Amino acid sequence: MKAKLLVLFCAFTATDADTICIGYHANNSTDTVDTVLEKNVTVTHSVNLLEDSHNGKLCRLKGIAPLQLGNCSIAGWILGNPECESLFSQKSWSYIAETPNSENGTCYPGYFADYEELREQLSSVSSFERFEIFPKESSWPNHTVTKGVTASCSHKGKSSFYRNLLWLTEKNGLYPNLSKSYVNNKEKEVLVLWGVHHPSNIGDQRAIYRTENAYVSVVSSHYNRRFIPEIAKRPKVRGQEGRINYYWTLLEPRDTIIFEANGNLIAPWYAFALSRGFGSGIITSNASMDECDAKCQTPQGAINSSLPFQNVHPVTIGECPKYVRSTKLRMVTGLRNIPSIQSR
């Protein structure tokens with residue numbers, strides 16, 4: 001297909017010479033753009049492509065509210081820190097909002113294995129079913145399930161413990177070997193969490209578990225680990241010289257997970273059947289929740305814009321303009337605003 005260029009010629013009769021105007025009309029535009037070769041080129045017309053504003057709030061996405069963790073971290077929420085109990089009622093969300101310096105995480109000090117990977121897994125979850133994987137009253141008849149509390153996880157001034165875990169202790173002077181299994185019949189991935197207690201001294205080990213040589217074994221089709229408690233005095237954290245290390249795995253549908261131990265097991269109480277949703281995510285933000293609805297959420301605030309690009313924040317959730325680092329991005333819809341004049 002041949003392209004044709006139409007050029008307008010304006011001829012004027014003059015005494016000394018003829019003047020011919022070639023091209024287009026200049027205007028009063030002050031639009032400037034940067035090109036590959038030049039900066040601040042004035043053009044006749046241009047349109048803005050870059051959104052640089054937000055409302056500074058956390059909003060619903062397409063009518064669905066986020067899960068706002070408040071003073072709780074992802075760890076505190078998923079383990080069941082007693083101070084995060086109010087969050088358990090929310091079963092679905094558009095995204096998860098966590099504050100940068102949340103106070104309520106692992107109330108009993110210790111190491112949370114593969115924590116960043118767990119956050120990554122939860123970032124794609126939009127709802128879950130929280131259910132008793134091992135019911136408290138019937139699963140552990142030979143062990144005590146009520147004495148495993150600690151001042152470091154206190155609630156309303158009383159010693160307490162995580163709402164999704166059970167600290168099993170000796171019963172009538174004995175801690176029999178235990179073996180407990182669960183078959184995933186949920187037709188969804190199930191998130192299972194547990195812990196291993198590492199006392200600070202051998203006296204505590206004997207008093208709580210009635211053995212000096214304890215082990216914890218956890219086995220499924222995709223997970224196989226054996227843990228040996230490390231008894232050692234450590235610097236006090238939240239008043240504790242002992243530690244609990246926290247672990248998790250995803251159990252596929254129809255797979256089986258088996259727990260065996262002769263001491264030191266922090267057993268699963270509740271687990272989570274996960275439903276993944278397109279467009280979910282986790283943001284870290286100090287922004288407050290507001291009665292607003294948006295298509296795009298950033299940690300700085302929500303964006304409601306039809307422009308194709310934004311420079312508010314690289315982390316986004318929802319239907320968002322593409323992030324660019326530019327401070328100005330315009331598309332030229334006219335020509336250079338300098339007419340060409342030729343005399344003859």
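Keep in mind that glycine also has a Cβ here, set from the backbone N, Cα and C atoms.
The model shown is predicted, which means the values in this text are computed figures rather than measured ones.
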Disulfide-bonded cysteine for C107 as listed in Swiss-Prot, from C72, C84, C153: C153
Member of C59, C84 annotated by Swiss-Prot as disulfide partner of C72: C84
Spatial neighbours of C320 (disulfide bond), counting only the recorded positions N40, N71, C84, N104, N177, N304 and Cα distances within 10 Å: N304
Candidates N104, N142, C153, N286, namely the recorded positions, that fall within 10 Å of N177 (N-linked glycosylation site) by Cα distance: N142
Entries of N71, N142, C153, C296, N304 which, being recorded positions, have CA atoms within 10 angstroms of C84 (disulfide bond): N71
Minimum Cα separation from N286 (N-linked glycosylation site), reported as the residue among recorded positions C59, N104, N142, C296 that achieves it: C59
N40, C59, N104, C153 filtered to the recorded positions whose C-alpha is within 10 Å of C72 (disulfide bond): N104
